[in-house]
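Pulled from Swiss-Prot, these are the features on record:
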- 35-308: domain 'AB hydrolase-1' (DOMAIN)
- Asp111: active site, nucleophile (ACT_SITE)
- Tyr242: active site, proton donor (ACT_SITE)
- His303: active site, proton acceptor (ACT_SITE)
Amino acid sequence: MEFNDMTSDITGGVKEYDIATNGISLHVTEQGAGPAVLFCHGFPDTSYTWRRQMNAIASAGYRAIAPDMRGYGRSSAPADASLYTPLHTTGDLIGLLDALKISSAVLVGHDWGATHAWNAALMRPDRFKAVFGLSVPFVTRGESSVFERMRESGRQDDFYMFEQIRPDADQIWADAAVTIPGILYWASGSAPEGEQWSPLDRTRSLYRAAPGPLPSWAEADYVAHNIAEFRRTGFHGGLNYYRAAEPYFTLSAPWKGAKITQPSFFIWGKSDGLKELYPFTLQQMRAGLPGLMGGLELDNVGHWVQHEASAEVSEQLVRFLRTVDAVLS
């Protein structure tokens, strides 16, 4: 493994560096000192999505570490979709901890990043001592994949993941100046009821242009950053996670029925379109998360909880970290 510090100084306690591990290079942003907290972003995003939460936990005495996940930002982006399974992302995260000589960390994940976090905790409970998930809950591996279930129910023409793996998906997303504001708006709680993104209705897709300026929670510097990054990289790497999802289901057979026993917490938006797909009650979640310490549904919030309710998410995260410290000490 190689560690290459990309900054000669630290501005506002934030530093960036590259780590070569697991066959790729990860670009990492870090802030603070103390027990390690590892942040995993989703689609279409970069580590910059976490800047508010990173600042909050660094101020509370924790070490916030956020990579651009493989396929995104300034990290490597293999073209081969088979290299984007949870086996690969868990390997990336373990390699990151090893390079930084960190024995264990708490995971925080949003969207696909929540999937990465849940799976890493499932596969390596010795290295990941707790999980704080946003927007995508953990569901134990069952008998069939979501793709199979959608085909069997005749919803293959409606289900959004089939759109994400179309041969022309890269081109559909390519105009980042349109698609980045669009997904932020339509998947949020700010979009009008009945028009918000639905994963099962193609007329309410993620591809629609935003109707006007974004709400204030979508901070201009964050939106501009994402537009610039995806103009530079394209969307192929991020879309590869969707392409890898169905093939990985077969590989995940060893974890059929397996549960995550570490302490966990889950936050979701009441207006998140993913509620059409996943169980969003604490009772249902505890079937796979016996260590679930609680959860929170946020009113008037959609998929982008770390932005739409930034202060609340940061407060809940710091509270969870302190509770985990007390429980595991």
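Cβ coordinates come from backbone N, Cα and C, glycine included.
For the pair formed by the residue listed as 'active site, proton acceptor' and the residue listed as 'active site, nucleophile', distance between Cα atoms is given as 8 Å, rounded to the nearest Å. Sequence-distant neighbours of Tyr242 (active site, proton donor) (same chain, six or more apart, CB under 8 Å from its CB) are Phe43, Met161, Gln164, Ile165, Ala169, listed in sequence order. In this view, Asp111 (active site, nucleophile) is surrounded by 25 other Cβ atoms within 10 Å of its Cβ, with every protein chain counted.
In the three-state DSSP reading, the residue listed as 'active site, proton donor' counts as helix. Residues belonging to the domain 'AB hydrolase-1' (35-308) score a mean pLDDT of 97 in the model. A sphere of 10 angstroms centred on the C-beta of the residue listed as 'active site, proton acceptor' encloses 29 other C-beta atoms.
Secondary structure at the residue listed as 'active site, proton acceptor', taken from DSSP and collapsed to helix, strand or coil, is coil.
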